[in-house]
Amino acid sequence: MKWSILLLVGCAAAIDVPRQPYAPTGSGKKRLTFNETVVKRAISPSAISVEWISTSEDGDYVYQDQDGSLKIQSIVTNHTQTLVPADKVPEDAYSYWIHPNLSSVLWATNYTKQYRYSYFADYFIQDVQSMKLRPLAPDQSGDIQYAQWSPTGDAIAFVRDNNVFVWTNASTSQITNDGGPDLFNGVPDWIYEEEILGDRFALWFSPDGAYLAFLRFNETGVPTFTVPYYMDNEEIAPPYPRELELRYPKVSQTNPTVELNLLELRTGERTPVPIDAFDAKELIIGEVAWLTGKHDVVAVKAFNRVQDRQKVVAVDVASLRSKTISERDGTDGWLDNLLSMAYIGPIGESKEEYYIDISDQSGWAHLWLFPVAGGEPIALTKGEWEVTNILSIDKPRQLVYFLSTKHHSTERHLYSVSWKTKEITPLVDDTVPAVWSASFSSQGGYYILSYRGPDVPYQDLYAINSTAPLRTITSNAAVLNALKEYTLPNITYFELALPSGETLNVMQRLPVKFSPKKKYPVLFTPYGGPGAQEVSKAWQALDFKAYIASDPELEYITWTVDNRGTGYKGRAFRCQVASRLGELEAADQVFAAQQAAKLPYVDAQHIAIWGWSYGGYLTGKVIETDSGAFSLGVQTAPVSDWRFYDSMYTERYMKTLESNAAGYNASAIRKVAGYKNVRGGVLIQHGTGDDNVHFQNAAALVDTLVGAGVTPEKLQVQWFTDSDHGIRYHGGNVFLYRQLSKRLYEEKKRKEKGEAHQWSKKSVL
């Protein structure tokens with residue numbers, strides 16, 4: 001086993017860290033309990049997220065205080081003014097958006113959740129002088145899907161019944177009329193929301209507010225999947241379940257088609273814009289961005305069906321002519337949709353306009369400047385590390401602020417880079433292990449710097465070019481004080497060397513009052529999906545994993561291992577799992593368990609593995625290896641066969657079923673020997689109302705196992721009525737963790753040769 005040693009080197013060139021470079025272990029005697037970690041998060045750091053606004057003074061933001069009042073505060077002077085008093089806030093308000101000149105507030109009320117990001121609501125416009133409220137749509141009934149101010153504030157675009165409307169001066173124009181169950185205008189359908197856009201809207205105003213670009217999705221021909229709801233939010237079940245008919249394209253099935261539309265607000269003229277980057281049936285639009293300061297150019301980032309080819313198509317709004325200005329081939333793996341395109345404008349003396357984007361075309365995700373007119377891009381950053389986020393673009397100072405893994409893949413430090421000189425400057429001490437983020441004011445003169453771990457998070461306010469904080473925004477002093485009463489598990493990080501020479505990041509959590517002379521059971525907690533990351537030096541929530549390391553009757557070590565295919569270690573590390581999901585990931589988890597078993601403080605006979613979603617799938621693939629390295633498996637909401645999952649996620653990593661039939665067969669969980677032989681058995685948990693990873697996955701897997709003769713001693717199954725992928729309906733979440741705790745306790749106490757019922761004894765069969 002190869003262990004990496006973290007060396008802390010002093011640095012005086014950037015902001016110092018007033019916390020320790022490791023997770024806290026507490027200084028008291030109390031142990032965390034189940035109720036404090038699962039039923040409620042008794043000790044949880046807080047952080048503010050501000051909505052910066054443009055006023056005459058940089059540094060103003062809007063927030064809603066504890067009594068419900070909407071207020072504007074200067075983060076510099078702390079001066080506060082009330083925009084809407086609490087008694088004037090509409091009843092059942094869910095969210096709000098401020099008019100650009102602060103004259104009005106757009107409120108969402110009567111919230112009803114739909115999918116991961118989407119919801120329905122009523123919307124009201126409130127004049128801040130008179131405090132009068134007027135409905136966005138007079139006959140609304142909690143059925144508006146999205147609404148957004150234009151940048152100039154003279155219009156609101158909104159979506160209702162899958163149609164786009166524009167409100168101006170109390171007058172509403174309906175822009176589309178064909179919206180319905182199969183046609184979506186301005187909002188994504190289920191698969192685009194979940195897998196491509198990662199949001200609930202699909203419309204974008206031009207910077208000057210003169211045009212609106214929106215996407216139109218056509219689900220005609222997309223197969224329907226039925227999700228039954230047995231209780232349907234009632235205390236007594238109805239005689240017949242409600243059935244959700246969800247257009248859900250699975251592998252190699254028909255995908256929705258997508259079309260770009262442009263609306264000129266002055267004339268009300270709407271124009272469909274053909275994007276011929278790929279065949280219409282193959283086309284995926286991953287991103288739409290205005291590459292202009294006004295409304296001259298709108299660009300589309302287009303992918304082919306399996307997302308291993310990419311084209312950026314720029315549309316000249318005046319002529320409606322389109323041109324491919326950038327192209328990528330990613331057939332060595334896949335191309336991620338990072339949603340990071342942003343307009344920069346002319347650079348230096350040149351009149352040529354550029355936009356910025358994150359691309360891994362060098363093998364590592366970095367910042368690139370691309371000409372809006374097309375041509376060779378310019379690399380702003382380079383090296384064997386990755387840019388993870390663009391936080392702010394400061395055009396007057398010609399700077400881009402970003403987060404990266406420059407120090408280590410498990411860390412995030414804050415930097416700026418000049419697009420004039422390409423000089424990279426750390427804003428924090430990047431030699432100290434940490435995870436940071438930042439939020440910049442509207443004019444870029446100030447920023448809230450958020451320390452996110454490994455110690456207790458906090459937030460400070462800084463002025464640009466200053467290394468001394470103006471003040472502390474969030475100290476989390478209450479958390480620091482609370483931790484003085486507890487003794488906490490000890491979290492450490494190291495790297496594990498594979499025989500190939502590659503390394504895996506590992507996060508180890510040692511039990512409270514750990515003794516190297518004792519032997520402890522271990523729980524592996526992988527996610528392991530493509531591009532994901534679980535091993536991070538961010539603050540680790542005091543959750544279930546902290547509980548099982550604290551309970552004196554459990555005292556589990558936990559190992560979280562980021563296997564090959566996970567993120568932030570370069571394209572080659574990610575893409576080697578392409579077309580063969582489950583193979584390398586499982587091999588890496590087994591290898592890590594075998595190395596853990598050699599440690600003197602590990603009980604090698606009791607090493608369990610538990611994962612949720614992709615982690616549940618990976619747990620199944622690990623058990624399927626029949627390696628003997630793990631003694632118990634728990635699969636929560638797992639995929640069991642990639643033919644059952646949605647096309648846009650699955651084909652990105654596995655290609656189509658027709659082109660990779662052998663890969664799909666190998667990736668499915670079908671081998672039962674490991675399930676028969678795993679010493680402590682397997683627990684499978686799934687919600688029947690899961691609209692993401694369908695219950696079908698667990699049902700088919702259980703049928704395979706039962707049909708192949710896996711015995712009741714080896715297999716336990718738990719469904720959760722009407723629960724979605726998060727398993728929370730009617731107390732499901734607490735039950736799930738109690739059940740998991742029980743299985744871990746039983747596994748710890750399990751003897752290798754216990755008594756069994758006669759049907760388990762081969763001699764009497």
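Cβ coordinates are placed from backbone N, Cα and C, and glycine is handled just like the others.
The signal peptide annotation in Swiss-Prot covers 1-14.
Neighbours of N35 (N-linked glycosylation site), defined as other CB atoms within 10 A of its CB across all chains, total 11. Here Swiss-Prot flags N35 (among others) as N-linked glycosylation site.
What Swiss-Prot records for N78 (among others) is N-linked glycosylation site. Taking a C-beta cut-off of under 8 angstroms and a sequence separation of 6 or more, N78 (N-linked glycosylation site) has no same-chain neighbours.
Around N101 (N-linked glycosylation site), the same-chain residues six or more apart in sequence whose CB sits under 8 Å from its CB are G153, listed in sequence order. N101 (N-linked glycosylation site) carries neither a helix nor a strand DSSP state and counts as coil. The N-linked glycosylation site annotation in Swiss-Prot covers N101 (among others).
According to Swiss-Prot, the feature N-linked glycosylation site maps to N110 (among others). Annotation for N110 (N-linked glycosylation site): spatial neighbours D92, Y94, A121, D122, G142, criterion Cβ-Cβ under 8 Å with sequence separation of six or more.
Other Cβ atoms within 10 Å of the Cβ of N169 (N-linked glycosylation site), summed over all protein chains shown, number 7. The secondary structure of N169 (N-linked glycosylation site), as reduced to three states from DSSP, is coil rather than helix or strand. Annotation source Swiss-Prot lists N-linked glycosylation site at N169 (among others), citing sequence analysis.
Cβ contacts within 10 Å of N218 (N-linked glycosylation site), excluding its own Cβ and spanning all protein chains shown: 16. The annotation N-linked glycosylation site is assigned in Swiss-Prot to N218 (among others) on the grounds of sequence analysis.
Marked as N-linked glycosylation site by Swiss-Prot: N465 (among others). According to DSSP, N465 (N-linked glycosylation site) is assigned to coil rather than to any helix or strand. Within the same chain, no residue at least 6 positions away from N465 (N-linked glycosylation site) has a Cβ under 8 Å from its Cβ.
According to Swiss-Prot, the N-linked glycosylation site annotation covers N490 (among others), on the basis of sequence analysis. Within 10 Å of the C-beta of N490 (N-linked glycosylation site) we count 18 further C-beta atoms, all protein chains included. DSSP assigns N490 (N-linked glycosylation site) to a strand in the three-state reduction.
DSSP gives S613 (active site, charge relay system) a coil state; it is part of no helix or strand. For S613 (among others), the entry in Swiss-Prot reads active site, charge relay system, with the evidence type similarity to another entry.
According to Swiss-Prot, the N-linked glycosylation site annotation covers N665 (among others), on the basis of sequence analysis. A sphere of 10 angstroms centred on the C-beta of N665 (N-linked glycosylation site) encloses 12 other C-beta atoms.
According to Swiss-Prot, the active site, charge relay system annotation covers D690 (among others), on the basis of similarity to another entry. Using a 10 Å Cβ-Cβ cutoff, D690 (active site, charge relay system) registers 23 neighbours. D690 (active site, charge relay system) falls outside any helix or strand according to DSSP and counts as coil.
Positions annotated as active site, charge relay system by Swiss-Prot, on the basis of similarity to another entry: H725 (among others). According to DSSP, H725 (active site, charge relay system) is assigned to coil rather than to any helix or strand.
Considering only the recorded positions N169, N218, S613, N665, D690, the residues lying within 10 A of H725 (active site, charge relay system) on a C-alpha to C-alpha basis are S613, D690. For S613 (active site, charge relay system), the same-chain residues that are 6 or more apart in sequence and have a Cβ closer than 8 Å to its Cβ are Y527, G529, T636, A637, P638, V639, N692, V693, H725. If you take the Cα of D690 (active site, charge relay system) and the Cα of N218 (N-linked glycosylation site), they are about 24 angstrom apart, rounded to a whole number. If you compare Cα positions, N665 (N-linked glycosylation site) sits closest to N218 out of the glycosylation sites N169, N218, N490. For the pair N218 (N-linked glycosylation site) and N169 (N-linked glycosylation site), the C-alpha distance works out to 32 angstrom. Every protein chain considered, the tally of other Cβ atoms within 10 Å of the Cβ of H725 (active site, charge relay system) stands at 18. The two recorded residues, N35 (N-linked glycosylation site) and N490 (N-linked glycosylation site), have Cα atoms 20 Å apart. On a Cα basis, N490 (N-linked glycosylation site) lies 60 Å away from N169 (N-linked glycosylation site).
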